[in-house]
Ligand code: GLN
């Protein structure tokens, strides 16, 4: 079969169960596409062909024996921030270029236990800091819709791999938008779950109070399948919540769109940098939801102006602390011929970390230092609480909140925005992480340059089923999620 890469997760699952094709064939099909097409996209940092074929054989045996999980034998790609035992995990950094993890992240272990086949590890901004994936030490990844554009970031490799049909699904992480924004730039569906829903164990930390893993796929239905595998309590992550996990697939039609109250924050649609095409596509998608029976309600989110400054204090502060472990001593990059211990620390860190990571370590260290801690860090934490309260108040009146995922479509590679311009592009995604809420991106059309536009829906805590269900029903009534980039149409 030449078109296995066009099948949805449900179709793959059924095809494997009915032995229309084997996991081995499916895996070989994807590996062939990666070998032929990925040199143009550069989404993979490491391809684990040998392991993938062994896992595919094991899945085929389980399928034959009739005791396989629903997703057994289906390939996926992991963001290179998830530790994978025996396989390089770089987090996009020279610092970890030689790092082979001795253990699997819980997300990786769960995917393995379900019989999913790991195709490899995909590119990302260094330590998940960025919005273009250009901050990776291995270099930029291309957006499958326009190869001279970025796929977004930091989970840009995950987005590009799925959008070019080089993996049917991928894992991503979202600290301030890194699942939703690349999903938006690449025309995908991506879910950032409630903080604590997916284990962070073995997921290399950027900003621990904000980091959350989640699925990136072509549709809400595909995301639901992967959520069923990765969600759940984990004793190894103290911030993971011990709360029953929904069956996200069974709930795909569980939320009534008729009568659903969708909040439209006034402040969000008056943001200076909001592109006219993005605004138009998002408004059209909301009109469609209205036709399907939803009620659009204008709401206020008065803290909007505080999102960027608050996040860009708290995230770097936590990063400066998390990244202090990379000192060249036990693992990771070590400078040549250190003269003494201080020289070892200094040079290993200045040679091992890229410019954006160093910028954030400096900002974060400053914000946490004696004399500035109260003025910056403590104040930012107080504002964070106000941002959360703003959302909770809004959820007293509406079921979900709608927004663009990003004010623009994908940037050109090398556009070289200043850090401030880059940070302002995160305006629509940051608050969700500051409040710990779940949110989803769904593709809703294209701009004048044929680049994808995304709609973001933000839900109350633990509303993952609701968000997936709304987007699923929207996708049953529209076909934006079925559009493929030209490169994805190429046969290997
Ligand atoms: N773009 C944001 C940043 O640079 C968010 C990144 C993320 O979610 N990991 O921090």
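Cβ coordinates are placed from backbone N, Cα and C, and glycine is handled just like the others.
No curator has checked TrEMBL annotations; they are predicted automatically.
Remember, it's a predicted structure, so these values are computed and weren't measured experimentally.
The domain 'Amidase' feature in TrEMBL is assigned to 25-468.
The 10 Å shell around the Cβ of residue 79 (active site, charge relay system) contains 33 further Cβ atoms across the protein chains shown. If you look up TrEMBL, you'll see 79 (among others) marked as active site, charge relay system.
Secondary structure at residue 154 (active site, charge relay system), taken from DSSP and collapsed to helix, strand or coil, is coil. According to TrEMBL, the active site, charge relay system annotation covers 154 (among others).
The active site, acyl-ester intermediate annotation in TrEMBL covers 178. Its Cβ placed at the centre, residue 178 (active site, acyl-ester intermediate) has 37 other Cβ atoms within 10 Å. In the three-state DSSP classification, residue 178 (active site, acyl-ester intermediate) falls within coil.
The average pLDDT computed over the domain 'Amidase' (25-468) stands at 98. If you measure from the Cα atom of residue 154 (active site, charge relay system) to that of residue 79 (active site, charge relay system), you get 9 Å. DSSP assigns residue 79 (active site, charge relay system) to a strand. Straight-line distance linking the Cα atoms of residue 79 (active site, charge relay system) and residue 178 (active site, acyl-ester intermediate), rounded to a whole number, equals 11 Å.
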